[in-house]
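Going by TrEMBL, these are the annotated features:
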- 46-135: domain 'Rhodanese' (DOMAIN)
- 1-20: signal peptide (SIGNAL)
- 350-372: transmembrane segment (TRANSMEM)
- 410-433: transmembrane segment (TRANSMEM)
- 453-476: transmembrane segment (TRANSMEM)
- 531-554: transmembrane segment (TRANSMEM)
- 574-591: transmembrane segment (TRANSMEM)
- 642-669: transmembrane segment (TRANSMEM)
């Protein structure tokens, strides 16, 4: 009886130990998938139309895998599966507890593959059993002071192709048999020799290429040092990317074309197509026209050839591949326009000269204005510290507030400023596309497509603010009745008057110590300039932006070169606007010594009575004379929480603008 009890205990312990040593979950595949042993897998390897799929990580696959197996994951599976849905697919993971093979097999099953098998033991079981494995370590060799990778990055991906080429197919011919060792090395490196072998397989491509401008049969005369391109100039076969980055075909092609067509490439980069291609992270180029989209790839024909993609009769169709509403005017867009060339592009050159003079003129005048004003204020503060301090305290401590901006104006300014910063954020990297910070800034937005979306949304917001202000003007003037043109140039108007020019002269005289500090009315001359610049900017930037946003629509009634003109003026006017706001406007409003670090009037909506007396005495006296002062006194004090939030928002905008300004200066200097 004791022996029997011991036997029962031994059996129970043995079963529990065995059970405890088993994996928690044993993978037996999905419904419709047949689990097989390693021996059965070996038998399947001997059959035709059988493919082994490794679902382990890339690192494990490179370390060891079943010979001939293809490494797949959820993102690459469909692109690597054979076209034949009746093919036998054998999946395996890391071990019997790995379920990665199930997920991949499920993808194959949903796409019509029926013959699915699972090696339940995985690669670990295969290795433990002593069966043969392969590794994917690439052989590198130092050749001509460069690393040449002997891994065929193109043909090695063709897992299911018939007659897949090997090294000898490209680097061999009857000439090799009779060549010496030195001749062999020279022959194997002969680009023409290798490229002829490419065309032996790609016969259709050879036919197109032989008729193109890149073929020696068609282009007989070459400039000194000029060479015609061949297959391997554009198609990198032996990939040895030291950065480990696989660039998109469009980006690679654009770079390759630029090695010969340097000027055309530079001009292409000035267009949205070129900037969008440059500002994409490698491998992430969007659907944007690269060189071969317009000119063709293997069939690049002369412009006057009727079969050329860019022949005048074919351009609507070529452009229509990306722009469905393409029309004849639209094809008049000049892809490689040079606005510095007055002879060939007189309209664009004239616009370029005008915009350049405008930008230089505005910055020269207001740059000098800012410099002189700064020096004068600092000098005044140093010479009269007590008076300066007393005036500042009087402005700050005055409890009487006079209303300057309505709640609507505060809201309009907030959305105007916010949309302006968003436009600068998404537009500056396109303006300075070759700057070191441009690509990182675009990536921060999620790519060029997202940057474009941000730009368009911000533009809509700015248009809404602008038209709401126009509507406000119409409503207010309608309520006041007749006398609009008289009011248009009175003291309360933002339109320029002769008094503004007299004020400007007096201000400059004070800057240089030749007169007293002038007193202003409700609006100063620099505030009127800021205000009217918005109208100018909305017309120039707004209209040109709409042309670029809806090019085919505007081309239905405008010549195609207007798209080039819009690109030029949109870019330069935006540069003027951002530079002026972040440098000149910020100084005039916030950074001058008597306002630093920030003037809160645009958030609070009111000025203290003392502030008005110190700088806008004419307005104060006019209000007092017309008995309007009491009506404008602001009795509704803004809450401390509102002012705190407003101050934080204001400083955030100021700091953002200054960062953008420094980036612009850095890009210009670099």
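Glycine residues also receive a Cβ, built from the backbone N, Cα and C atoms like all the rest.
Non-local neighbours of the transmembrane segment (574-591) in the same chain are 355, 358-359, 362-363, 366-367, 369-370, 373-374, 420, 423-424, 427-428, 431, 526-527, 530, 533, 537, 541, 597-599, 602, 654, 657-658, 660-661, 664; each lies 6+ residues outside the stretch with a CB under 8 Å from one of its CB atoms. Tertiary neighbourhood of the transmembrane segment (350-372): same-chain residues 339-340, 342, 508, 511-512, 526, 565, 568-569, 572-573, 575-576, 579-580, 583-584, 587-588, selected by CB-CB distance under 8 Å and a gap of 6+ residues from either end. Averaged over the domain 'Rhodanese' (46-135), the predicted model has a pLDDT of 87. Remark: secondary structure over the domain 'Rhodanese' (46-135) totals 28 helix, 18 strand, 44 coil, with classes taken from DSSP.
Long-range contacts of the transmembrane segment (410-433) within the same chain: residues 269, 272, 274-275, 278-279, 439, 441-442, 445, 451-452, 454-455, 457-459, 461-462, 464-465, 468-469, 534, 571, 574-575, 577-578, 581, 602-603, 605, 649, 653, 656-657, 660, 663-664, 667-668, each at least 6 residues beyond the stretch ends and with a Cβ under 8 Å from a Cβ of the stretch.
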